[in-house]
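Q: So TrEMBL says this about it:
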type	residues	note
DOMAIN	99-312	domain 'ABC transmembrane type-1'
TRANSMEM	30-54	transmembrane segment
TRANSMEM	104-124	transmembrane segment
TRANSMEM	136-156	transmembrane segment
TRANSMEM	184-208	transmembrane segment
TRANSMEM	229-251	transmembrane segment
TRANSMEM	290-315	transmembrane segment
Amino acid sequence: MLSVLNPIMRIIEIPFAIAQRTFGLRGQAWAFLLPNLLLFGTFAFFPIVLNFIYALTGGENIMLADRPYVGGGNFTGFMNCDSFLDVNSCERDLFWRAVWNTTWFVSLQVGFMVGFALLTAVILNRDILARGFFRGVFFFPVMLSPVVVALVWKWVLQRNGILNAGLESMGFESFNWLLDRQWAFAWSVFLSVWAHMGFYTLILLAGLQAIPRDVYEAAMMDRASPWRVFRRITLPLLAPTMLVVLVLALIKGVQTFDEVYAFTGGGPGSATTLIIQYIYETGFAGAPRLLGLASAASILLALVLIVLTLLQLWFNRRSVNG
């Protein structure tokens, strides 16, 4: 076995030996980094550059040589909506409908998720029966595939699903939950909150456990009520962690795609179409002339995510520096 591996190892060592003789230790380090740099350039950097090129070109062909330069035409193409604040005037434009849906989705999802995660973390931080078991139960959905979660809840909410069966057993009529625009959107928000709340609960629970116990003991000696302790001690000391959770939840909400797409497919109509789905369907399922619009939309989304990421880094640095 060694007789077979030795020649192979000598061949592998050749470029590293050349790099060390030519450039010293720094050259050898770059030789070790080269495979990863090639992979990053091929699967990350090159697609980013290509996306910018497509965003600045148009035409009916996917080949770059046959796509004329249009400048910012793909970006200004989004501005044909009368009023972003008036949903009805944007109904004909799927991009603004997706932006509107994403704005509402993220607002509701983050609000409910952070609120319920805080409530759950506070409860699980107390000395309750089977506390370890309940911590695992709340975190369990995070370990599941988003597509699996979506398919399970889709099965529950079908016309002949478990929920309607329970309603019929109590004398109520069954209902097509996912065929109603408002209910489909509401259930999509619920699905996302249920699937990801455990992750943020874990972060908030760690923040609660980092609060010194002697602060609570001093409050008990002063006969402070539980609500006063929570409002005057827990919330202020937990504020840096909550800010991090808030920004992380915002980033995750804007990036939501797989569970909602598997759950409703963006329907009924475009009621649950989010911005990532718009980019995907416009770029890969639409005509080649729409590829520039999808690339431009992805750049705008990337800018939003960059801003949110910078906010997260700023909050982290602020919390570390006190």
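In case you wondered, yes, glycine gets a Cβ from its N, Cα and C as well.
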Q: May I ask which of the stretches 30-54, 104-124, 136-156, 184-208, 229-251 has the most CB pairs under 8 A with the transmembrane segment (290-315)?
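A: Most contacts with the transmembrane segment (290-315): 229-251.
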Q: The transmembrane segment (229-251): which same-chain residues, six or more beyond its ends, come within Cβ distance under 8 Å?
A: 106, 109-110, 113-114, 117-118, 122, 196, 200, 203-204, 206-208, 210-211, 215-216, 219, 305, 308-309, 311-312, 315-316, 318-319
